[in-house]
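Going by Swiss-Prot, these are the annotated features:
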ACT_SITE  GLU244  active site
ACT_SITE  CYS278  active site
BINDING   GLY221, SER222, SER223, ASP224, THR225, GLY226  NAD(+) binding site
Amino acid sequence: MTELFIDGAWIAGSGPAFASRNPGTDAIAWQGDSASAADVDRAVASARRAFAGWSALDFEARCEIVKRFAALLTERKEAIATAIGRETGKPLWEARTEVAAMAAKVGISIQAYQERTGEKRQDMADGVAVLRHRPHGVVAVFGPYNFPGHLPNGHIVPALIAGNTVVFKPSELAPGVARATVEVWQEAGLPAGVLNLVQGEKDTGIALANHRQIDGLFFTGSSDTGTLLHRQFGGRPEIVLALEMGGNNPLVIGEVEDLDAAVHHTIQSAFLSAGQRCTCARRIFVPQGAFGERFLARLADVTSKITADVFDADPQPFMGAVISARAAAKLVDAQSRLIEQGAKPIIEMTQRDPRLGFVNASIIDVTGVANLPDEEHFGPLAQIVRYATFDEAIERANDTAFGLSAGLLADDAHAWEHFRRTIRAGIVNWNRPTNGASSAAPFGGTGRSGNHRPSAYYAADYCAYPMASVESTQLTLPASLSPGLHF
């Protein structure tokens, strides 16, 4: 099989074989040989050779290729959505929205580059000051499995627009989506070597991250892996490292008038994409008293009716499987540890079949758990924390090393003003789900959630470096000389 895309050609990998599986059926979705260290070296060398020509290409010419990519995505929406659903378990209705977001991101990325990193001029008394932006060179892009099309392209598109060349290492759990996406780039007319694909598992990733000829590494994925990368590049200031990672995100519930609206937004926050969005709410803060009890009863009632099914089921389910049977088992195990520490299940999570990734959406009350672990459980496991005062809720919401997203559901505008001033997160929403974000706004967090704003408007900032010039069209001796100079 030809699994790798290097220097404009599909070639076979020379590393170990691996496969991806449909988490809802356990059927093999993709299989092939991974990229060895030698394959990775060839991919980086190809990107290095292509850099001079690609970066010298007119900005508009680069953008035309990227626009063709977006148009082809729209044409192939159903095929790519099917590939996403097959490998991730994500229902087709949601996979289709991912492909649409991939295409829409192109226009935003072009606008962002022009507005944030385009050329700017300022007249001076004896010339002009010019700010330009230059690409870094060869950048490695590491993609996650939860949005295997959308999130890698949130790095790749702005990197290419800026004039960089790319070596792309997708998640080993979604190699088929990566291949389908790169095929679209190839058809769009991307020159050989500008984008290279290396498939593989941990060893492939290590070979790419350790390569001495990359100029940047753009990563979306777990905080644990991102932290390792940050430590690895701690002594290499020449490497541009952009990290977008996870969160232990809080959603604070106020005593609102519309109970069902609050329940709906809570379910969307906690269980959309089977809880596999980095912005999903992990901790739900509920007021003590009668309202809190009514809210939890209604939340449990609606949640208990949520079904999970295969990605192409008819009718479509709200949730699909989580990414793998192993991931499902880890979620159930995390729940068990919390129960051992004193948590009380409201709806207990179970794994439908040990071979598959199906788990039910679960709600567990952790109010009485001392020293609650500050962990991101990447799935539909909602932890309930009851609070006595609004200030207590905010204090406990901020008690995390992460800082990606946070939300408040409340009718009181004064409560919102206080919340947005005191909460610590990069995405803070009011009366909207925590995982609602605009591609035209910064996307990212603070603390262990990352150090840049990839996959959105601000991605242009780390894809090129600023170059300042002071220029004059005519070389002349200045009228006033420095002391001690005689002509």
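Every residue gets a Cβ built from N, Cα and C, even glycine.
Note that this is a predicted model, so its numbers are computed, not measured.
What Swiss-Prot annotates, mapped onto the structure for a quick look.
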| residue | record | DSSP (3 states) |
| --- | --- | --- |
| GLY221 | NAD(+) binding site | coil |
| GLY226 | NAD(+) binding site | helix |
| GLU244 | active site | strand |
| CYS278 | active site | coil |
Spatial neighbours, same chain, of ASP224 (NAD(+) binding site) - Cβ under 8 Å, 6+ residues apart:
none
Other than its own, how many Cβ atoms are within 10 Å of the Cβ belonging to GLY221 (NAD(+) binding site)?
21
Measuring C-alpha to C-alpha, could you say which of the binding-site residues GLY221, SER223, THR225 are within 10 Å of GLU244 (active site)?
GLY221, SER223
Comparing the binding-site residues SER222, SER223, THR225, which residue's C-beta has the most other C-beta atoms within 10 angstroms in this structure?
SER223
Excluding near sequence neighbours, so keeping only residues 6 or more apart in the same chain, what lies with its CB under 8 A of CYS278 (active site)?
ASN146, GLU244, MET245, GLY246, GLY247, GLU376, LEU404, SER405, SER449
So among the recorded positions GLY226, GLU244, who's got the most Cβ atoms within 10 Å?
GLU244
Chain-mates of GLY221, SER222, SER223, ASP224, THR225, GLY226 with C-beta within 8 Å of site centroid, NAD(+):
PHE219, THR227, LEU228, MET245, GLY246
